[in-house]
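Structure first, commentary second.
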Amino acid sequence: MLGAVGPGALWGFEREIMNLVPMVVEQTSRGERAYDIYSRLLKERIIFITGTVEDNMASLIVAQLVFLEAENPEKDISLYINSPGGVVTAGLSIYDTMQYIKPKVSTLCLGQAASMGALLLAGGEPGMRYALPNSRIMVHQPSGGFRGQATDIEIHAREILEIKRRLNEIYVKHTGKSLEEIESSMERDNFMVAEKAKDFGIVDKVIDKRGGEQI
C-alpha cells in the first residue's frame, strides 16, 4: 500500500529513479545512439513489470506488448516480473493483453511475484513460465474496502466476490488444479518458494543459470 504518500511525491520519486537508469550507447551507420537500459532491452523484446501494478504502469506494459506484436507477431516476448501486486483491474488489463496478442509471452519471476504479480506469472505461455531459485511467490484472495450506504456496500461486496470467482477460474485454467484446491489455497496469504510454485503449477521450471530457455 502507498499509505500517505501522495501522487506528487510518488512521481517525484519515480523521476529520481529514472535519473539513475543507465544509458546504453550503440554505434549505428548514422553515428551513436543512446538508449535508457529498459528501452534497449525492449528492442530485445524484454518487458519489465517492477513495483506496484496500477493503471499508469499497466497502460505502459499493454502498450509495449501491443507494439512488439505489431513489430513481429511471430516472435516471442519475455516478461520479467518483480512485483508485490496491486490493483486487480490494472493487472487484468495486462493479463488479457498477454492472452490476446499473437506472440507467445514467457514469464520470469525475479525477486517476488505476489497477488496480481503471481497471476501474471501464471498467465505466461505454458512451458515458458520460470522463476529464479530465491524468488518468492504469494497468492491470496482479493481484498478491498468500501464505505457508504448499506445498499452500495452490498453491491460492492457482490463485485469483489465476482472478482474472486474470476481470479480463481484463471488460476484453475493455468495451474490445472481444481476449483476447490484453488479456493482453499487462496483463503489466506499463501507464500511459496520457487519450487513450491512449480509444484502448484504457477511456473513450469526453476532456473539458476541461463540455458536454452527463451527468457
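Including glycine, each Cβ sits where the backbone N, Cα and C put it.
DSSP assigns Ser115 (active site, nucleophile) to coil, not to a helix or a strand. Swiss-Prot lists Ser115 with the feature active site, nucleophile.
Close to His140 (active site) in the fold, though at least 6 residues off in sequence, lie Ser115, Met186, Arg188, Asp189, Asn190, each with a CB less than 8 Å from its CB. DSSP assigns His140 (active site) to coil in the three-state reduction, placing it in neither a helix nor a strand. Feature annotation from Swiss-Prot assigns active site to His140; the stated evidence is sequence analysis.
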Cβ packing number for Ser115 (active site, nucleophile), 10 Å threshold: 26
